[in-house]
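Summarising the annotation, TrEMBL assigns 5-phospho-alpha-D-ribose 1-diphosphate binding site to K62, 109-110, 136-137, K140, H142, 164-172. According to TrEMBL, the feature domain 'Phosphoribosyltransferase' maps to 81-199. Residues annotated as orotate binding site in TrEMBL: T168, R197.
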Amino acid sequence: MRFQDTYDSIKIIVKTRENQVQTIDIKEVKQEVVDKMEQYKQEFIEFMVESDVLKFGEFTLKSGRKSPFFMNAGAYVTGSQLMRLGEYYAKAIHEKYGDDFDVLFGPAYKGIPISVVTAVAFSKLYGKEVRYCSDRKEEKDHGADKGSFLGSSLKDGDRVVMIEDVTTSGKSMEETVPKVRGAANVEIVGLMVSLNRMEMGLGGKMSALDEIRETYGFPTNAIVTMEEVVEHLYNKECQGKIVINDEIKKAIDAYYEQYGCK
């Protein structure tokens with residue numbers, strides 16, 4: 001094997017089992033990987049729209065902000081939707097964090113079904129058994145599974161991947177991270193959310209996901225960003241209609257001018 005370096009590409013020249021010379025262009029291979037990743041993201045974006053999870057219009061968020069788009073993971077209600085959702089999360093987690101972890105933790109309430117279907121998908125896609133765990137809003141004081149957690153208990157030495165639907169301000173992590181770290185001597189491998197809204201966090205200087213990473217010291221990732229959503233859907237048909245037209249695009253731009261990360 002030897003490398004052939006040109007100005008616009010790097011090629012590897014190899015011999016096959018049949019003793020034939022074959023040239024592989026690394027640039028083309030790299031582009032193929034990128035294209036596959038982009039296709040995967042496009043499919044997930046369209047899946048959110050088709051499932052009525054991601055909507056565009058006028059919405060008032062819990063924070064009081066007026067937003068031109070809204071994501072509600074509670075709209076995943078059918079078996080096929082949940083199965084696909086789990087597979088998207090499993091693929092994203094495997095791509096970003098690998099499979100060297102023990103527990104998927106999904107905060108109550110919406111994180112509970114997401115952690116369950118992702119654990120199922122991880123077993124199906126990668127043959128790796130991981131446990132799921134969620135917290136309870138109210139501690140259960142009776143029965144065999146009493147306590148503050150649902151599903152598997154957290155154990156010393158566990159490596160935990162945290163799952164959420166979307167993080168707007170990062171406020172939910174203020175409760176969740178101390179609860180997880182206080183339950184046992186665990187390592188949080190990272191956080192995965194469906195959508196990075198790319199808005200300022202509580203500190204007002206960086207995105208909520210970046211703020212979580214800086215505050216708690218573990219990686220944060222999203223299956224897609226809002227920038228990728230707009231890029232893919234702007235003036236393109238999805239479900240037979242234009243989801244982001246010029247008017248909605250203008251509203252999104254104005255929203256990010258006020259609340260987006262600079």
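Every residue gets a Cβ built from N, Cα and C, even glycine.
Annotated features, which come from TrEMBL, shown on the structure.
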residue: K62; record: 5-phospho-alpha-D-ribose 1-diphosphate binding site; DSSP (3 states): coil
residue: K110; record: 5-phospho-alpha-D-ribose 1-diphosphate binding site; DSSP (3 states): coil
residue: D165; record: 5-phospho-alpha-D-ribose 1-diphosphate binding site; DSSP (3 states): strand
residue: K171; record: 5-phospho-alpha-D-ribose 1-diphosphate binding site; DSSP (3 states): helix
residue: R197; record: orotate binding site; DSSP (3 states): coil
Fill in: Residue pair K171 (5-phospho-alpha-D-ribose 1-diphosphate binding site), R197 (orotate binding site) - Cα distance, angstrom, rounded
14
Item to complete: Taking only the Cα atoms, work out how far D165 (5-phospho-alpha-D-ribose 1-diphosphate binding site) lies from R197 (orotate binding site), in Å, as a whole number.
Response: 11
Discussion item. Measuring Cα to Cα, how many Å separate K110 (5-phospho-alpha-D-ribose 1-diphosphate binding site) from R197 (orotate binding site)?
Written reply: 17
Practice prompt. List the Cα distance (Å, whole number) between K62 (5-phospho-alpha-D-ribose 1-diphosphate binding site) and R197 (orotate binding site).
Written response: 14
Worksheet item: Which one, from the binding-site residues K62, K171, R197, has the smallest tally of other C-beta atoms lying within 10 Å of its C-beta?
Response: K62
Worksheet item: Could you state the CA-to-CA distance between T167 (5-phospho-alpha-D-ribose 1-diphosphate binding site) and R197 (orotate binding site) to the nearest Å?
Response: 7
